[in-house]
Structures are given as structure tokens and as C-alpha cells.
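Some features that TrEMBL has for this protein:
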TRANSMEM  A:20-43  transmembrane segment
TRANSMEM  A:55-75  transmembrane segment
TRANSMEM  A:111-131  transmembrane segment
TRANSMEM  A:172-205  transmembrane segment
TRANSMEM  A:282-300  transmembrane segment
TRANSMEM  A:306-325  transmembrane segment
TRANSMEM  A:351-370  transmembrane segment
TRANSMEM  A:376-395  transmembrane segment
Amino acid sequence: MTDLFKSRLQRHLREMAKYLRLVFNDFFVFALMFLLGGLGYGYSNVLKQLKMGLWWAPVIVVLVLLVTLQVGRFATLIEDADRVFLLPKERAMHAYLVAARRYSQGLAQTTQVIVVFLLAPFLRVALGWSVPQIVGLLVAQVILKDTLLRLDLASAYQVTGQRRMNEWPIKWGLGLVALAIGVWLTPYAAIVLAVLADGAVAVWLQRHWQQQQIRWREQIKIEDNRMLGIYRFFDLFTEVPMVEGTIKRRHYLDWLFKSIKPTHRQTYTYLFSRGMVRGTDFSGLVVRLTVIGMLLLYFVRGEWLPVLLAALFIYLIGFQLLPFFQQYDDVVFTHIYPIAPELRLKSFEHLVTLILGVAALLMWIIIVVANLSVTTAGIALVVELIEVWYLARVYTPRRLARAMKNKA
Amino acid sequence: MALEVSHVVGGYSQIPVLKDISFDVRDGELVGLIGLNGAGKSTTINHVIGLLTPHKGTITLNGVTIDQDSQAYKQQIAYIPETPVLYQELTLREHLEMTMMAYDLDQEQAWKTAHELLKIFRLDNKLDWFPANFSKGMKQKVMIVCAFLTQAKLYIIDEPFLGLDPLAVNDLLNLIEQRKKTGASILMSTHVLDTAQRYCDRFVLLHDGQVKTEGTLSELQAALPEAGESLNDIYLSMTKVDRA
């Protein structure tokens with residue numbers, strides 16, 4: 001079983017490495033270095049001005065450590081099929097879970113150490129702590145994290161009814177009590193408390209796991225959510241196939257569809273409009289690009305620069321919308337409905353015109369407000385109109401018609 | 001003659017799965033398409049609904065091929081897939097409305113039919129649900145309702161009996177019976193042989209991409225006298241011939 005975890009871990013790490021390479025591209029690393037440099041400089045400036053005896057200093061320390069304590073989840077790498085294939089191996093799964101916890105320690109404890117390390121100058125300056133005291137706090141923090149991960153492991157088993165040992169009041173409460181004692185009394189007391197808690201959970205687990213079943217469905221869900229969180233993060237930088245858009249009913253936007261009459265010609269307008277509004281993939285993209293464009297345009301002044309910027313954003317939105325045309329290709333009815341392909345294309349053109357039109361209008365308003373210049377407003381209006389017309393009515397249908405022909 | 005499949009050679013790639021297939025479905029007739037997994041049932045259906053283009057041969061539906069007039073061809077077909085597929089962003093009500101729009105049905109008349117169908121399949125209180133909230137059987141019922149909403153000339157039903165509760169199976173068979181009386185034809189693939197034996201007018205037995213035999217139950221019995229009485233026996237003997 002430990003071997004199974006090892007082979008899964010290897011696969012997992014390879015996958016993560018693949019994405020991390022994409023996330024930490026040159027541009028991002030550059031930006032990150034600037035950000036870290038700036039933050040470090042700011043922190044050192046704050047430290048210089050600090051005096052001892054501030055009432056809020058220990059509160060900050062407790063809060064920071066408490067939040068840090070929750071960072072680093074129990075990564076089991078359990079998969080959906082496991083509840084079928086590994087069910088007969090339930091007892092042997094304990095070794096797997098222990099291996100998983102050992103792996104989870106790595107990232108979790110590194111985070112704890114880094115944060116305490118970063119807090120060390122603050123502890124020295126604001127609380128006047130000695131080095132042994134700080135080291136004591138670090139030890140307490142690490143043991144506390146160990147306890148929390150052990151609670152996660154224990155909660156993989158069905159204990160008493162629906163109650164779980166790693167519910168958030170327990171995790172936060174234990175951390176709060178131990179850290180408060182550590183900061184206001186003495187860190188050594190926190191170590192004692194953490195060791196007691198950790199030991200208690202360990203003894204309990206040792207006694208009980210053999211009689212308990214694993215909460216398969218819950219563990220699978222937890223792991224899925226954990227991975228989804230990671231993929232969502234990667235999705236900000238690059239395309240991740242595992243992140244599927246979710247669907248929201250969005251009742252409050254139903255008025256948008258009122259003008260779409262239920263006629264044969266409008267069939268795809270009916271589908272596309274609802275898909276666009278209720279799906280989060282494409283609508284999110286459009287909204288994000290429009291908002292970023294508007295923000296940038298508010299701060300950019302000049303005669304031609306805003307016009308170029310707006311044109312760029314409209315192009316980006318229009319270009320990103322193209323794949324939406326194929327969104328329903330894997331629903332068989334898209335091919336079976338007795339609807340001429342031209343009508344589908346027309347509906348899509350219509351939708352693109354509308355979306356680009358609204359985005360262009362919003363950006364144009366910002367240009368007008370930010371620049372208060374008749375010339376810029378005029379040029380922007382003309383350029384945007386031509387661009388929207390060209391993208392929606394000429395470029396999009398030409399591209400999609402070619403794509404359709406290639407497929408057939 | 002509603003559907004006429006003649007000398008069709010076809011498949012997903014250049015390698016043909018169907019090797020010269022011919023059969024027909026007449027007006028007001030329920031024809032069962034029977035065969036093992038991988039015999040070519042789904043491939044045949046995909047050719048008939050126009051998802052695949054035959055390498056050779058023709059498929060004619062009331063005198064129209066898909067190449068002559070794809071709209072007129074598709075207008076006559078309603079399809080119920082084996083695995084239900086729905087538009088994730090549309091509610092049940094919107095699926096029905098979309099079907100009406102796609103087939104250009106009269107809204108008022110169609111909604112009347114829709115409400116009757118929804119009642120039969122106990123979906124009438126779920127009009128505002130999203131597909132994600134439906135169980136597999138419910139999704140299948142949605143497919144049935146959408147298909148029978150259209151006044152199609154040919155219904156193509158891919159393995160309808162698995163996943164439906166017994167009540168729904170019965171209701172579906174009644175619906176099929178009802179539509180047959182109005183002259184509609186049905187092509188249905190299935191593995192549930194005893195139900196097929198009771199309800200189908202004729203059978204097309206596919207094996208390894210070829211039509212092994214075709215005809216009514218008595219014709220099949222006459223063709224394979226040593227095989228046995230039931231469709232099940234005939235079917236088993238047919239596959240045994242190949243295995244030996």
C-alpha cells in the first residue's frame with residue numbers, strides 16, 4: 001500500500017511540476033520578485049518604527065500563526081475508483097493514509113517554519129523575545145500542525161456517527177488556545193499542551209482505527225475539492241482541462257432572454273444566450289477582460305493610447321469567444337436538429353455582436369469620463385464600431401465556416 | 001417504405017464496421033435491431049441519424065436522402081440515445097421549448113402534448129430543474145418526452161429498457177404502440193430480448209457488421225428451424241455458429 005501511494009505521488013508530482021513550469025514563467029517570476037522585494041522593504045521599515053509593549057502585537061502574532069496553522073492540507077491522492085477497487089483492502093489502507101500524512105507534512109511544516117522565521121524579527125522587536133523563546137514557539141507550532149494533520153487522518157475513519165474530529169471549531173479552537181498560552185504566557189507551556197494533544201489523538205487513533213471503516217465518499221470528495229482548488233489556481237495562468245465550468249441558475253438575469261422569441265430561426269440564439277449567461281467559463285472570461293480593460297482605461301490618458309488599448313481588449317474578448325461556438329458539439333442533438341447550419345452561425349454572430357457591443361460601450365464610457373476630450377471620444381467610437389462590426393460580422397463567421405468545413 | 005438502408009458500408013474511420021448492410025422499416029412498424037456488443041448496432045444508428053456518412057450505399061427516408069435535403073431528412077427523425085445527453089445550462093422547460101423551436105412545432109399544440117407526456121413520466125413538477133439534478137432514469141425520460149414531442153415519422157430508440165423503471169418501460173411501450181397507429185415507424189436497438197420478442201413486428205439480427213437474418217419471428221423460426229422457439233434461442237444459436 002505504501003508503494004501504491006509512492007507511485008501515485010510520483011505521478012502527482014510530475015503533473016504538478018508540469019503546471020508549475022507554466023505558472024512560474026519568466027514574466028511571473030519577475031513580477032513576483034518585485035512584489036517580494038517591495039513587501040520585504042516595507043516590513044523592514046515597519047520594524048524600525050516599532051516599540052515594545054504594543055497591545056496589538058501579540059494579537060497579530062496569534063492571528064498570523066493561527067491562520068498559518070490551517071495551511072497545508074492532508075493530501076491523500078485518493079481517487080473515485082478507490083471506493084470500489086480498494087474496498088477489500090480497507091485495513092491495509094491505513095499504511096497508505098499514514099504515508100499520505102507523512103508526505104503532507106513536508107509542505108505544511110515548511111510553511112510553518114517559514115512563517116515563524118519571518119515573524120522572528122517582529123517577535124524580537126515588538127515582544128522582546130529571546131532566541132530560545134522563538135525556537136520554542138516554532139516547536140509548538142510544528143507540533144500543533146502535526147496534531148491537526150493527525151486529526152485529519154483520524155477523521156478519515158467513521159468515528160461516532162456524523163461527528164468528525166477535524167471539524168473547524170476543533171482545529172481553530174485548539175490552535176487558538178495553545179497559541180494564546182504560548183504568546184501571552186510562555187511558549188514552553190504551548191509545547192507541553194501541543195504534545196499532550198498530539199499524543200492523545202495518536203493514542204486514540206492507535207486504539208480505534210482497526211475497528212472503523214474509512215469514510216470513502218467523504219475522503220474522495222475532500223481530495224477532489226483539494227485538487228480542484230489547485231487546478232483552479234493553475235487555471236489562472238494556463239488552460240487546465242480538469243477545471244470544468246459550473247452552472248448557475250442566475251434567475252435575476254432572465255430578463256435578458258425576454259426578447260428572444262421562440263421561433264425556429266432563434267433556436268440557437270435561445271441556447272447560446274442561456275449557455276453564455278449561466279455557464280461560468282465564457283461569461284467569466286468576458287466579464288474579467290471587460291473589467292480589467294475598464295480599469296486600465298481609467299488610468300491611461302492620451303489621444304491614441306486609450307483607443308489602442310480598448311481595441312486590443314475588444315479583440316481579445318472577440319477572439320476568446322470563438323470556441324464557444326463548438327461548446328455544444330458533443331450534445332448529439334446539435335447535429336440532429338433539423339436546423340440549417342447557417343442559422344446556427346447567424347445566431348452566434350448575433351451573440352458576439354451583442355457581447356462585443358456592450359463591452360465596447362462600457363469601455364467607451366470610461367474613455368470619455370477619463371479623458372474628457374471630444375477628439376479621443378470620437379476616434380474611439382469610430383474605431384470601436386468598425387472593430388466590433390469586423391470581428392463579429394466578418395472575422396468570426398469566416399473563421400467558423402472554415403472550421404466547420406474542415407470537420408465535415 | 002419509411003426507412004430504406006441499402007448496401008451501406010461504413011464506420012467511424014476508413015476501416016468499415018458495417019459490411020454491406022441492407023434492411024428497411026415500413027410505415028407503422030416497430031423493427032428491433034438485435035446484436036452483440038460491437039455488432040454494429042450503434043454504428044448503424046449513427047448512420048441513420050446522419051452523424052456518420054456511409055462510405056458506400058444509401059439511406060433513404062420517405063424518398064429523401066440526407067444529401068438531397070438534410071433539413072427535410074432530419075425533420076422526420078426523433079432520436080432517443082442510449083446514454084442521455086442534455087444541455088447542462090437549460091432547464092427541463094427550456095429543453096422542451098428548444099425542441100419545439102428546432103422542429104418548428106406549433107407552441108400551443110406542442111405544450112399540450114408535452115404536459116400529457118410529462119404527467120405520464122411523472123416529471124410535471126420538475127420543469128425548472130437543471131439536468132445536473134436529474135437521476136439517470138429521469139434524464140432518459142426527458143429524452144423520451146423530447147422525442148415524442150415531435151411528430152416524427154421515424155423514431156430511433158437506442159436501448160431504451162435499461163435504466164428505466166418498469167412503469168416507465170410500460171408507458172414507453174404504450175407510447176410506441178400509439179405512434180405506430182398513426183403511421184410512424186420505430187427502429188429500436190435492444191438487448192432485452194423477451195420484451196423485443198413481444199413488441200417488435202420484425203427483427204434485424206446484426207452480427208459482426210453484417211445482417212445475419214431479418215424478418216418476423218415466424219420467418220426467423222422457419223429460417224433456423226433447429227435453433228428453438230424464442231428470439232433468445234435464435235439469437236444464441238446465431239452467435240454460436242460464429243463461435244464454432
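Cβ coordinates are placed from backbone N, Cα and C, and glycine is handled just like the others.
Residues 100-101, 103-104, 107-109, 111-112, 115-116, 119, 122-123, 126-127, 137, 141, 144-145, 148-149, 152-153, 171-172, 175-176, 179-180, 183-184, 222-223, 226 of the same chain lie 6+ residues outside the transmembrane segment (A:55-75) yet bring a C-beta within less than 8 angstroms of a C-beta in it. Just going by CB pairs under 8 A, the stretch in A:172-205, A:282-300, A:306-325, A:376-395 that sits most against the transmembrane segment (A:351-370) is A:376-395. No contact links the transmembrane segment (A:282-300) to the transmembrane segment (A:172-205), because fewer than 3 Cβ pairs that are 6 or more residues apart lie under 8 A. Outside the transmembrane segment (A:172-205) by six or more residues, the chain places 58, 61-62, 65-66, 69-70, 127, 133-134, 136-137, 139-141, 143-144, 146-148, 150-151, 153-154, 165 with a CB less than 8 A from a CB of the stretch.
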